[in-house]
Amino acid sequence: MSVIMGPTLLTLVVILFLQSVDSQLRVGFYRNSCSWVEFIVKDEVRKGFNKDGGVAAGLVRMHFHDCFVRGCDASVLIDSTPTNTAEKDSPANNPSLRGFEVIDNAKARLNSVCKGVVSCADIVAFAARDSVEITEGLGYDVPAGRRDGRVSLASESNTNLPPPTLTVNQLTQFFANKGLTQEEMVTLSGKYLTYSKNICYQCMQKYFNKFVNTGAHTIGRSHCKSFSDRLYKFNGTKSQDPSLNPMYAAQLMKQCPQGNTNPNLVVPMNPASPSITDVGYYNDILKNRGLFTSDQTLLTDPATASQVNQNAINPKFWRNKFAASMVKMGQLGVLTGNAGEIRANCRIINS
């Protein structure tokens with residue numbers, strides 16, 4: 001028999017979950033060693049967001065892409081060298097991943113007040129939380145104490161990040177391999193899997209205010225090439241994906257013409273509220289307006305379809321689940337204690 005928890009009970013579960021986090025990570029980790037860390041990171045996120053509203057989506061996506069490859073160790077920040085292509089330059093991350101300058105600025109300020117104390121991995125985790133909060137999502141406490149990894153390989157991004165073409169069963173297994181449940185997969189899909197590339201954010205937002213509303217796919221945008229097969233060559237034919245709303249498909253075809261070769265052409269994940277963390281993503285799926293196959297496929301399974309419906313009708317319920325799922329994801333494969341290092345420059349491994 002399944003049990004459905006109301007928002008109040010779920011809030012208590014979130015609090016208890018946060019308190020039971022791996023003892024090596026803890027809320028307030030820097031209380032005595034660098035008490036200003038979260039204020040400084042939040043300030044830099046706000047500055048970045050004021051310059052480019054799309055950077056919030058980029059920072060949440062950065063955290064996701066960091067944690068799914070080698071764990072949450074800031075390996076996604078490391079620059080490539082003449083002898084190694086790093087994660088950030090893999091096809092999954094380049095050119096869509098962004099927000100690196102926010103992390104750099106936060107690290108520079110932290111180096112001036114508590115040098116060698118705060119890891120880049122923790123800065124990424126704090127910045128993701130602040131990005132959710134600044135886009136009207138639920139704020140949550142971030143357990144800290146991560147250390148930075150010393151390895152970054154582009155090849156590992158290609159095998160550890162879920163492509164937008166996966167079916168619900170494939171997505172479920174993909175997340176299970178990372179220790180995340182199917183419900184957490186649906187919850188995080190409402191926020192992660194659809195973040196992408198930067199163009200004139202204000203221009204895009206102004207244009208799409210005419211249209212309607214999104215969970216990771218609740219803020220951000222995507223390159224046309226990530227979903228164009230659904231418009232022009234679904235399953236190797238010239239027909240459209242039959243699960244795609246015809247009016248929405250027509251709109252996308254205008255924005256992403258067939259044969260277009262512009263690699264920077266992008267569309268909002270959630271046209272009606274591209275800068276807000278909300279449940280519009282789930283409402284879009286119910287209207288067959290999911291941008292990716294991995295979005296719309298959530299309706300093909302009774303369990304995930306039920307979760308989509310539940311999230312759509314109860315925003316507070318989803319926000320609490322999302323906060324708990326973010327905390328859990330932020331613990332994947334973390335380095336703690338004497339493992340790894342505290343990078344002086346987030347882009348470069350210490351000598």
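Going from the start of the chain as shown, residues are counted 1 onward.
Backbone N, Cα and C atoms are what each Cβ position is placed from, and that goes for glycine too.
Positions annotated as active site, proton acceptor by TrEMBL: His65. Under the heading Ca(2+) 1 binding site, TrEMBL lists Asp66, Val69, Gly71, Asp73, Ser75, Glu87. Positions annotated as substrate binding site by TrEMBL: Pro162. Taken from TrEMBL, the feature heme b binding site applies to His217. Summarising the annotation, TrEMBL assigns Ca(2+) 2 binding site to Thr218, Asp278. According to TrEMBL, the disulfide bond annotation covers Cys34-Cys114, Cys67-Cys72, Cys120-Cys346, Cys224-Cys256. TrEMBL lists 24-350 with the feature domain 'Plant heme peroxidase family profile'. Taken from TrEMBL, the feature signal peptide covers 1-23. Taken from TrEMBL, the feature site 'Transition state stabilizer' applies to Arg61.
The average pLDDT for the domain 'Plant heme peroxidase family profile' (24-350) in the predicted structure is 85.
Here the Cα atom of Arg61 (site 'Transition state stabilizer') is found 12 Å from that of Pro162 (substrate binding site).
Annotation for Ser75 (Ca(2+) 1 binding site): same-chain Cβ neighbours under 8 Å, separated by at least 6 residues, are Asp66, Val69, Ala86, Glu87, Asp148, Gly149, Val151, Ser152. Cβ environment of Cys72 (disulfide bond): His63, Asp66, Ala121, Val124, Ala125, Arg146, Met329, Gly330, Gln331, Leu332, Gly333, Val334 lie under 8 Å away, each six or more residues apart in the same chain. Excluding Asp66, Val69, Gly71, Asp73, Ser75, Glu87, which define the Ca(2+) 1 site, the same chain contributes His65, Cys67, Phe68, Arg70, Cys72, Ala74, Val76, Gly149, Ser152, Gly333 within 8 Å (Cβ to the Cβ centroid), listed in sequence order. If you take the CA of Gly71 (Ca(2+) 1 binding site) and look 10 A around it, you hit none of the disulfide-bonded residues from Cys34, Cys114, Cys224, Cys346. Asp278 (Ca(2+) 2 binding site) has His65 as its nearest neighbour among the recorded positions Cys34, His65, Asp73, Cys114, Cys256, going by CA to CA distance. The two recorded residues, His65 (active site, proton acceptor) and Pro162 (substrate binding site), have Cα atoms 10 Å apart.
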